[in-house]
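Take a look at the structure below.
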Amino acid sequence: MISTVLPTYNRAPLSFVKGEGSWLYEADGRRFLDLGAGIAVNTLGHANPELAQVLKDQADRLWHVSNLYKIPAQEQLADKLTELTFADTCFFTNSGTEAAELAIKMARKYWYEKSQPEKIEIITFAGCFHGRSSAAIAASGSEKMVKGFGPVLEGFVHLPFGEWDSVAEHVTDKTAAILIEPVQGEGGIRVVPDEALRLLRQIADEKGCLLIFDEVQCGVARTGKLFAHEYAGVTPDIMMIAKGIGGGFPLGAVLATEDAASGMTAGTHGSTYGGNPLGCAIGLKVLSIVSDPAFLAELNRKAGLFRQKLEQLVAAHPDIFEEVRGEGLMLGLKCKIGPADLVAKGYAQGVLTVPAADNVVRLLPALNISDEEIAEAVSRIDAAASAL
Ligand SMILES: Cc1ncc(COP(=O)(O)O)c(C=O)c1O
């Protein structure tokens, strides 16, 4: 008999009743060091007191109002996001997938309004992940995601990951945009080199298409800069964010330049919940904390420590690990074994990690994880590796 919860996940036999900082607690009292953070969501740990206070204060005042009205918390968050980034304008969503939907619509509408309606193609890269909607699975193009869900939305051109020098050849009169994650998450913590991001910007400018960055997983301080593309020193025309910005509350956004957003006039897009007062109040608090240079400096110090310990771990288990990958606190252990085996052994050691493609185990802790917790995390992964 089918479970009452649609069985689209292979769930681990764990269920948590409480979270505190980097720790999750089972009903029986067992505690787990959480290096998944809800897949890069719980930016400031579980039940962060500062965020909880913002949530409670806002909940006592106003939860939801329609986007038919002005929403001050939404305006403040948009002001702050545009102040801190390339963007001139933001649209708020509840998830990364919804942000992907709008980014794709925005790129196509841009060219339609510029009297170039033939420009509808979006270039994406193997291993990418932009969500599970019909447009997002078409963007990924992987058989695993699209099989059985046809007809697949047209207009996506899938290129190999890493062959940056040949991208320009595939940009045609029909290309509306190039869409890329500066660091692939689900694809296995694959960092796009800075030179490659700069090359994509140059191609977009020279050939006349938009550049879209999906920073749903790698954004919001995860990599040690507020946004991962800052390392490359180039900016996109459109950017999707979600996950980390809400610190655990469902919140996402599309950020865009005034020009890129010019086709999105009143009535062209909408959302009942996107940009609601609760989400935006929390997002504003998260952003104000993680954008503080002192917070980012501390994050980078800790990321250096974590990475150093992981390099030692890899050296100690050459039969299990190949390398450490990633940037900041978006780290991956490339394995020589199936990553799911290591993740499962981790459960027995009280440590939660997340598998990804390309034989990678992801480590995406809360950005305020302590030095002691980092040491504890590595020793628990070490024990899990030894048990394999
Ligand atoms: C890069 C990227 N884009 C989009 C998404 C989809 O986000 P959501 O699951 O919030 O819809 C994800 C989720 O893992 C992601 O990692």
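Each residue, glycine too, has its Cβ placed from N, Cα and C.
Residues or ranges marked as pyridoxal 5'-phosphate binding site by TrEMBL: G96, T97, F129, D214, E215, V216, Q217, T272. Positions annotated as N(2)-acetyl-L-ornithine binding site by TrEMBL: R132, S271. For K243, the entry in TrEMBL reads N6-(pyridoxal phosphate)lysine.
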From recorded positions R132, K243, S271, the one whose Cα lies nearest T97 (pyridoxal 5'-phosphate binding site): R132
Distance-selected binding-site residues near ligand 1 (C-beta under 6 Å), from T97, F129, R132, E215, S271: T97, F129
Site with most surrounding Cβ atoms, counting all protein chains shown within 10 Å, from the recorded positions R132, K243: K243
Cα-to-Cα gap, D214 (pyridoxal 5'-phosphate binding site) vs the residue listed as 'N6-(pyridoxal phosphate)lysine', nearest whole Å: 12
Reduced DSSP assignment, D214 (pyridoxal 5'-phosphate binding site): strand
Separation of alpha carbons, V216 (pyridoxal 5'-phosphate binding site) and K243 (N6-(pyridoxal phosphate)lysine) (Å): 6
Residues satisfying Cβ distance under 8 Å from T272 (pyridoxal 5'-phosphate binding site), sequence separation of at least 6: S66, N67
Local backbone state of S271 (N(2)-acetyl-L-ornithine binding site), from DSSP in three classes: coil
Inter-residue Cα distance where the pair is R132 (N(2)-acetyl-L-ornithine binding site) and E215 (pyridoxal 5'-phosphate binding site), in Å: 16
Binding-site residues listed as D214, E215, least Cβ neighbours within 10 Å: E215
Integer Å distance between the CA atoms belonging to V216 (pyridoxal 5'-phosphate binding site) and R132 (N(2)-acetyl-L-ornithine binding site): 13
S271 (N(2)-acetyl-L-ornithine binding site) versus G96 (pyridoxal 5'-phosphate binding site) - Cα distance in angstrom: 14
C-alpha spacing of S271 (N(2)-acetyl-L-ornithine binding site) relative to Q217 (pyridoxal 5'-phosphate binding site), in angstrom: 22
Residues satisfying Cβ distance under 8 Å from F129 (pyridoxal 5'-phosphate binding site), sequence separation of at least 6: S140, E181, Q184, G185, E186, G187
